[in-house]
Amino acid sequence: MNHLNLQSMKDLWQKWRSSRVLILFVVFLALFLDNMLLTTVVPIVPDYLYQLQQPKISSNDTYSLLAKNCSNNEIIERRNYFVRNPTKFRLLLRTYCNWTLDWAINKTDIENQERTRILEKENQWVGIMFASKAFVQLLTNPFVGPLTNRVGYTIPMFSGFVIMFISTLIFAFSTSFGLLFIARSIQGVGSSCSSVSGLGMLADRYPEDEERGKAMGTALGGLALGVLIGPPFGGFMYEYVGKVSPFLVLATLGLFDGLLQLTVLRPGVTSVPIEGASLKTLIKDPYILLAAGAISFGNIGIAMMEPSLPIWMMTTMRATEFQQGAAFLPASISYLIGTNVFGPMAHKMGRWLCCMIGLILISIALIGVPMATSIYGLIIPNGLLGFAIGMVDSSMMPSMGYLVDIRHSSVYGSVYAIADVAFCLGYAIGPALSGFIVHAFGFRVMLYIISFLCLCYAPLLLFLRNPPAREENMSLIKSDNHNSFSYIRSKSLDDDSGY
């Protein structure tokens, strides 16, 4: 009897561990943590680098002197707030201080102007640091894709967790621009392993096209949730707890992710390498390149805003770190909605059409961002931007798997390496160029330029309306309708040796 119970528990464990839903959750969590780390630093880095460059900022002495001669301790306790709100600072001085303060007001005004000048100059360095992650990820992807064909998806996936954990700890304890740059670059390697392996694993486990679209939409929801929580979480923890705290929380969550991967995926080398189309062959496919280009153009706008929007808000709105992070909330929430709505819907309406509409909406949203005069004015354009990017990503990510199925062979590591390269191109080129473009032409002109480029690219999606399939691959399609099909697979879906 005990033997039967033990056997039934073992069977239940094996069934639970090989569940597609559980594997989807593992990929969801990996993408969530990766993008939460990616965006947590957005509101932290500009002010932290400024503090590193100005360790003996004179305003500290000014505010300390004022606090000794005034009856309100709030002046020294909230000096960072008053640096950004000089009008309220003057009102407080005139209310609680009983002596002439013209010299102090003038002195703090000069210091505020100097702070603005330094922050605007810092734009370029922040952009380069933010771009380093995507650039390294860009270089790593071509190696990770073919590697998954040889060893399976599980070992690269777990390697991504280990590298991300190391990157998080470096972020926590870094005290220089160089260490922050190294941490951001190392994260690129971990992101490459997690993204390529995770998306390839999902494409393999969900062979039916409509199910695959839903699964990809859910997984991208993890990306969206990380982007959603990261900026306000980082801004709040940095402003009220300290720089180290948000990264220690992320490291703790990362340990849970690693334990889950060890339990569910049991990383190991697949016994038989999988033969698929080479990376070179896939890169030459114009339809795959067209879909990849849509991913790049869809994400480059928000990527350019990552380093430049917080600094623009600091100089034009006197925004706090928390407000800078919160400005990305509408985009993140609407991206989460967009990916989950259009994951299944894009399959029905046509993924090419969904992506085309998304690029047009991105163009409109980017024009609206610099028109805002307060943080509340950013809600509508940023919300529309996130929703539109969700349309692009949730339609093109499954399309990459569809294209490799009908035009090549159903092996997904390399094609999702290309998809991730496309994603990273936006986040490598965008932040790196944003600082220089903002410095030369201004924040508004930068967004107008990328808006025009997205609008020009949108009509090209017509070519993906009915992409031609190779004749030998048509036998795999059960339905004549290109929007509804599934594949006959020779490999058992329950085979858990390396996936």
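Including glycine, each Cβ sits where the backbone N, Cα and C put it.
All annotation found in TrEMBL is predicted automatically rather than curated by experts.
What TrEMBL says about this one:
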- 23-469: domain 'Major facilitator superfamily (MFS) profile' (DOMAIN)
- 21-45: transmembrane segment (TRANSMEM)
- 157-182: transmembrane segment (TRANSMEM)
- 215-238: transmembrane segment (TRANSMEM)
- 244-265: transmembrane segment (TRANSMEM)
- 286-305: transmembrane segment (TRANSMEM)
- 325-343: transmembrane segment (TRANSMEM)
- 350-369: transmembrane segment (TRANSMEM)
- 413-433: transmembrane segment (TRANSMEM)
- 445-464: transmembrane segment (TRANSMEM)
Paired segments the transmembrane segment (325-343) and the transmembrane segment (215-238) in contact, 3+ CB pairs under 8 A: yes
Annotated stretches the transmembrane segment (21-45) and the transmembrane segment (350-369) touching (3 or more Cβ pairs under 8 Å): no
Two-stretch contact, the transmembrane segment (157-182) and the transmembrane segment (286-305), at least three Cβ pairs under 8 Å: no
Dominant neighbour of the transmembrane segment (445-464) in 215-238, 244-265, 286-305, 413-433, by Cβ pairs under 8 Å: 286-305
Stretch contact, the transmembrane segment (286-305) with the transmembrane segment (413-433), Cβ-Cβ under 8 Å, 3+ pairs: yes
Confidence summary for the domain 'Major facilitator superfamily (MFS) profile' (23-469), mean pLDDT rounded: 80
